[in-house]
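Following: one structure in structure tokens, then a few remarks.
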Amino acid sequence: MNKLSIKTRGALLSVAILVFALLIWHLATAPKVVSIPVASTGSSEYQALMGQSGGVSIEKSGFPTLTQMGEVFYKQLSSPFYDNGPNDKGIGIQLAYSLARVGLGFFLAMLVAIPFGFLIGMSPLAYEAFNPFIQVLKPISPLAWMPIALYTIKDSSISGIFVIFICSVWPMLLNTAFGVANVRKELLNVTKTLEVSPLRKAFLVILPAAAPTILTGMRISMGIAWLVIVAAEMLVGGTGIGYFLWNEWNNLSISSVIFAIVMIGLVGMVLDMAFARLQKAVSYAD
Amino acid sequence: MNSYRPFDPDRPLFSSRCSCGRHASDAEHALDLSARVDEEKMSADFVEASLVKALFPQESRRRAFLKAVGAGGAMSALSGFLPIGSLQAMAQEKAPLEKPDLKIGFIAITCATPLIMADPLGFYKKQGLNVTLNKTAGWALIRDKMLNKEHDASHFLSPMPLSMSMGLGSDPSQMRVATIQNVNGQAITLANKHKDNRDPKKWKGMKFAVPFEYSMHNFLLRYYVAQAGLDPDRDIQIRVTPPPEMVANLRAGNIDGFLGPDPFNQRAVYDEVGFIHILTKDIWDGHPCCAFGTSEEFIKKNPNTFAALYRAVLNASTMARDPANRPLIAKVISPANYLNQPETVVMQVLTGKFADGLGNVQNVPDRIDFNPIPWYSMATWMLTQMQRWGYVKGDVNYKDISEKVFLLTDAKKYMGETGITVPPLAKAGYKKDKIMGKEFDPNQPEAYLKSFSVSKA
């Protein structure tokens, strides 16, 4: 056993935990077949209307079994890009819509937050002036903006993108400002002695030095944006993974809701991994 | 075969109590049906039927009159002073469409059946319209998307165009009701633990859900408990909750019951979390529920498109009225793109043969019906209830608002444009209704409002 690396052992343990969790799930939802004498519950017609076959009732626990889950996964993943009209599209298309919204909102936030963060990071005066506003705006739940966005922008899709924008801005802004303000004094002193122009200083010294912190901000923002898009789409409807989840909830189909949750988790993980990789690429060893 | 036959003394007006049963399969029926539905004849007959209804608000009088003079005599007598011919021509006019691509919002409930089925069954296409039906997440969003002009026309709760036009709960914006989507079709569903608690007098302290404040659901639930002597604002709790959450909350025990739209009443039974206490049909038989409408601005800008839309939804309503078509309709509106519900649940709602959650199979063919006429008196009743529960303060000009928002017929307008004298329709559009045995006279709304013992007005 000792020959296995900690990584392999961890992976094995993960699999064991998964199997254990699924086993508990299976046992908890195992269908109990109860045979009911026809006379006591009324006619077989009644049972047919209740979705039961005559004489035997499958007790509805409301929670899907593993087999049902498997069926949903198979059905959804075997044709992820079908399109049956405006209200019924495959999971792949829905995820693409959500990713596009997140991407656009995030990109816009980046355009605003990084230059602005640079500014307040480099100027202590600007920092002091803007800090109170940032502190008030930062803790507001992005969804609280939704009614105002709908009211003023008058377009639900753009409102969704705006909500992503507003939730992505703050972590990026603060982290950029923090990173820029904390560039090591030695580096700045060197630029002074070499009489580097301010623009070159910003791009060639401060930006690389602050890059890991800025990327941390971006990673946090992306995490929040992915959290928020689901809720936003459930609210506005139309398209996207949030709409998919809401539509299945409308149908009270818990298995599809769970499927959507797993998909959201997986995509979120991939996004986070991508940013972790980027972060690694720009970090430097002291 | 169409259901509007105003000059046939043996058939009730605006009703179609005939079952087909002559076809082996739904597909065969649909095929035969599309051959049989002669749209132009139908819309012509609808106009005639509306007029006859206006002249003879009481069914017995109409029948007596027709029996006395005969259909032919009646028709020539009527056409003597009503321009039936030109009205029918108006209704059929196929003018170029200003805006053939339309977005229509809907909530995934059976109330919107005509509006929804018009898509898969091709009623919109027949009128040259390219309609996208947008499933919308809730009533507040239906309101906002109409205000934002994201939707060209929409499924509404029938009190919503009134409240929106009056600026209640939103900026004032002129909305119009073209047709009523459905009558009846709701129910009070209670949690299983209340199986022995069927007397509303004992409901003090219970929690109920309704889908929206300005809804017939809210007004009917309030009316029902108030008739039992409870004050809906003090003795029970009423929450605004989206319908699917009603079922989930019922399961979780957060609410004791709800007055909600179908198929969620039936869904609660199907999921074994509740039972149907009463159908709203038993509170007010023939009450309106949802409506189809759009903004005044849209109608003004796109009169021909609106007329085409009007015809499409009217034709769909006519098809939906016939019980023989209901199984087919249940099949086409159940998939994920529309209602996203098990077909057997939708079928039980539309056919009226349903499991009630108490072990009985009930057979109520008019559990839901699709009578499109937007009576002014319905609007008037809603206004009295908005006043009764304090949504509207002060005096209300019932007649003005009702007749402005509910487009009983576009005929008046068209006739004015073409220089034909407007027929004496002034009193038409008002009818008396009985709600839990209490008569509502739309000509005396103030007196009606004052007659309630439980009231905030």
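Even glycines carry a Cβ here, placed using N, Cα and C.
Marked as domain 'ABC transmembrane type-1' by TrEMBL: A:95-275.
Within the chain, the transmembrane segment (A:6-28) has long-range Cβ neighbours (under 8 A, six or more residues past its boundaries) at 63, 65-66. The transmembrane segment annotation in TrEMBL covers A:6-28 (among others).
Taken from TrEMBL, the feature transmembrane segment covers A:104-127 (among others).
Feature annotation from TrEMBL assigns transmembrane segment to A:133-153 (among others).
Non-local neighbours of the transmembrane segment (A:160-181) in the same chain are 101-102, 104-106, 108-110, 112-114, 116-118, 120-122, 124, 127, 134, 137-138, 142-143, 145-146, 149, 153, 206, 209-214, 216-218, 220-222, 224-225, 228-229, 232-233, 236, 240; each lies 6+ residues outside the stretch with a CB under 8 Å from one of its CB atoms. As annotated by TrEMBL, transmembrane segment applies to A:160-181 (among others).
Feature annotation from TrEMBL assigns transmembrane segment to A:201-218 (among others). If you look at the transmembrane segment (A:201-218), the same-chain residues 6 or more away from its ends with a CB under 8 A from one of its CBs are 110, 113-114, 117-118, 121-122, 171-176, 178-180, 182-184, 187-188, 190-191, 275, 278-279, 282-284.
Residues or ranges marked as transmembrane segment by TrEMBL: A:225-246 (among others).
Look at TrEMBL and you will find A:252-271 (among others) tagged as transmembrane segment.
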Cβ-Cβ under 8 Å with the transmembrane segment (A:133-153): same-chain residues at least 6 beyond its ends: 159, 162-164, 166-167, 170, 173-174, 224, 228, 231-232, 235-236
